[in-house]
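J.: Got a structure here, written out as structure tokens. Questions coming.
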Amino acid sequence: LPVHWGGTMTDPDGNTKCISKVFIYFPARNFNINKAEAMLLKSLEWRKEWNMDNIVDWNPPEVLKKYFASGIAGDDKEGNPVVIIPYGNIDMRGLTKSCDSKELIKYFAQIFENAVLIMRQRSRERREPMGKLINLVDAENFSLGDFTYRPALVAVIKFIDVFESNYPEILRCSYIKIHGKTGWKEGLLKMIDADQLPVHWGGTMTDPDGNTKCISKICIGGKVPEEYYLNNKVLAVQNQNLHLDFKSHITLKKTESKIFEFQVFENVGSQLRWEFRSTGCDIAFEVLRTISEEVEELIPLQRVNSQVFKEEGSLICDEKGLYKIMLKNEYSDNDVDLYYNIDLNKSEGQIDVQSSAEIRS
């Protein structure tokens, strides 16, 4: 029990209310302890899988550092970090053609991990809890074109899922700047001092050279040059080695699917893992779980850019049931070659896994 409520527990920085990450999951699940615990455990597994404890030391691809528009400007009046995202300047179509979707997610997470580190530093300096941030989303130059390009839309949906699942209750407020309207500056300055905001976004802050967008702190994005795009020559070299990188290979005809089934009983807690690539076209992918004839979408049916990037992931089978992975040639009239490694990794002491695989037309 935290000191504030009669116990002896404190945070590492001495905070008596224990505002550490364990407790932020309770309000995120309406103070349901079982749901909060499940959310926390899932987030811890995600952090382990993505090596989040060392994410701030990761050196991302140059294209992300130059063209993923975002940055931390300063603090609000309570000391919370102000994250500025000039979303209208993010060329999501170009970014998804230039790097792996996993790298996009990883870079997005790195931004928020840096904000969390700032909050911890502010907590130590002020000797009071600082656990929120402000998002300022600038929609100038926004185009619906990105949202008609499915890989870009999928990436944005994954951003939101990562944020909601792993950074609960961290958002103090979010502003979306609508150009052409008045009054938005006054609203921001009620919560943020002018010297903590670049001039372009309503404050007085500039770079030493006078730049009003403070590009030393805020990446303003822009159109990704095609020289960053992964070209056909690179893909040709990668495809030559697919038979070495993957244990299994199959050719799927039009609308044909490969389904993998894993029966989980005593082996609850096993990790279902997948990685695959395709040549010829993208693949449709989904993960389902059936419990007492009730089917649950763990990963909804989606198009993955598997002919360019390796699609990989995992999940913990935390309940008894039948788990299914489906890979389908949904988007091509021609045959698609599929290379894959898919398995259920048992924890120590578990029984053998019942599994099967079949092709369906």
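From the backbone N, Cα and C atoms, a Cβ is placed for every residue, glycine too.
Just so you know, TrEMBL annotations are computer predictions that nobody has curated.
On a predicted model such as this, the values are computed, not experimentally measured, just so you know.
Under the heading domain 'CRAL-TRIO', TrEMBL lists 60-176. The domain 'GOLD' feature in TrEMBL is assigned to 217-344.
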J.: Summarise the domain 'GOLD' (217-344) as counts of helix, strand and coil residues per DSSP.
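T.: Across the domain 'GOLD' (217-344), the residues distribute as 16 helix, 68 strand, 44 coil.
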J.: Please work out the helix, strand and coil residue numbers for the domain 'CRAL-TRIO' (60-176) from the DSSP assignment.
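T.: Helix/strand/coil tally for the domain 'CRAL-TRIO' (60-176): 62 helix, 24 strand, 31 coil.
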